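A.B. asks: Before I ask anything, here is the structure I am working with.
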Amino acid sequence: MTVWWTVLVVGFVIAAAASAALTALLTPVLRRAGVVDVPGHRSLHHRPTPRGAGVALVLGAVAATAVTLVLTAGSQGPVLLMARIETVTLCVLFILAMTLVGLAEDLFSLPPSARLCLQIGLGLLMGLGVTWVTGAHLWWSLIVAGCAAGLVNVTNFMDGANGLAAGHAVVTGSWFVLVSVAHPVPGLGLVLVTVAGAAAGFLPFNVPRARLFLGDCGSYALGAAWSFAATMSLASAVPASVSVAPLLVLVADTGFTLFMRVRAGQRWYEPHRLHVYQRLVALGWPHWAVAGLVSAVAAACSLLAWGALTMNVQALGWVAMASLLLAYLRLPLWLGGEDPFRPTPAGVSR
């Protein structure tokens, strides 16, 4: 077990160092190439900022994964168990594929229909791969395809405040490492620890002041990692609450905002700044505080799920997580913010 944790720590550190070094090298390249995010209606930033650092994050994670695989070669016992090559390969390929879709969006602005088709298609391939590795029923693949595309987009929507997506990635990646070790889910932890490490290496470039952004390539990569981790965990008989706990804050914020906009008669398909995290920034919260809050909620949900599982009261765990998420969703109103979802009078757009 000591060797196992040593390999995981080494993987995290290598990923963080590689991600930081590659991000530093990539920043001037992105700026010269004009891959810049210009502030718009949905943005919380106020100056043009290079985007596309997700490439550095992913390359750092992949390089660290390769190194940790070499370190586990020939090892016996738990280390060999965690290095199941099929799972590692499938996860890395799915992340790389989604990264390329996001990079194409960063560079060329793909049509929404093409983007969605690619996301669903890759999600279907990932689902088929998981059924092959775990022996789950093929019908899983259809559900996974839709959920994977949804989670990739949810992660992208939530990547709008400095440090939010990367900070959440450190928590979530670390959580799935623990799940992989405790259940176990062979191979999953080896990749997810490098995703967490690579996100940690990127954070200093994005917090407290954003020198560059992950871009769609980065948020798509993280969404791919989370959808694969949750799918693999569920297919390996990990309880649902444990498999999705750190992702619930992203889904709750996005789902609540979408539902309330539709209910209020707003044009839900237009860019906006009505996510809970965006409203907190509008109330004067610094970006780092909002990012810290989202990460804290993700960590708290994870601990609640694990505690409920340990005490065999999973229903109570769901209630506790739902209560915490409801408090998060209501926070802007409790802090004195106005309700942006009041019904819009007929003939008036918001």
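Each residue, glycine too, has its Cβ placed from N, Cα and C.
Residues or ranges marked as transmembrane segment in TrEMBL: 6-30, 51-73, 79-104, 116-133, 164-182, 188-207, 285-309, 315-335. Sequence annotations record features per position, and here TrEMBL assigns Mg(2+) binding site to Asn156, Asp216.
Describe the structural context of each listed feature in the structure shown, including burial, neighbouring residues and relevant distances.
C.D. replies: Beyond its flanks by at least six residues, the transmembrane segment (51-73) meets 7-8, 10-12, 14-23, 25-27, 30, 35-37, 79-80, 82-83, 85, 88, 92, 95-96, 99, 102-103, 106, 166, 190-191, 193-195, 197-199, 201-202, 205-206, 212-222 of its own chain at Cβ-Cβ distances under 8 Å.
According to DSSP, Asp216 (Mg(2+) binding site) is assigned to a helical segment.
Beyond the transmembrane segment (164-182), the same-chain residues lying 6 or more positions past its ends with a Cβ under 8 Å from any Cβ of the stretch are 4, 8, 57, 82, 155, 158, 188-190, 192-193, 195-197, 199-200, 202-203, 206-207, 214, 218-219, 222, 225-226, 229, 233, 238, 242-243, 245-247, 249-250, 277, 287, 290-292, 294-295, 298-299, 302.
Here the transmembrane segment (188-207) has long-range neighbours at 7-8, 11-20, 23-24, 27, 53, 56-58, 60-62, 64-65, 68-69, 72, 82-83, 87-88, 91-92, 95, 162-163, 165-167, 169-174, 176-181, 213-214, 218, 222, 225, 229, 232-233, 287-288, 291, meaning same-chain residues at least 6 beyond its ends whose C-beta is under 8 angstroms from one of its own.
Long-range contacts of the transmembrane segment (285-309) within the same chain: residues 44, 158, 161-164, 167-168, 170-172, 175, 207-208, 210, 239, 241-242, 245-250, 253, 277, 315-318, 320-321, 324-325, 328, each at least 6 residues beyond the stretch ends and with a Cβ under 8 Å from a Cβ of the stretch.
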A.B. asks: Same-chain residues six or more away whose CB lies under 8 A from the CB of Asp216 (Mg(2+) binding site)?
C.D. replies: Arg51, Gly54, Gly102, Leu103, Glu105, Asp106, Asn156
A.B. asks: Taking residues 6+ outside the transmembrane segment (315-335), which of them lie with a CB under 8 Å of any CB in it?
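C.D. replies: Same-chain contacts beyond the flanks: 241, 245, 248-249, 252-253, 256, 276, 279-280, 283, 293, 297, 300-301, 304-305, 307-309.
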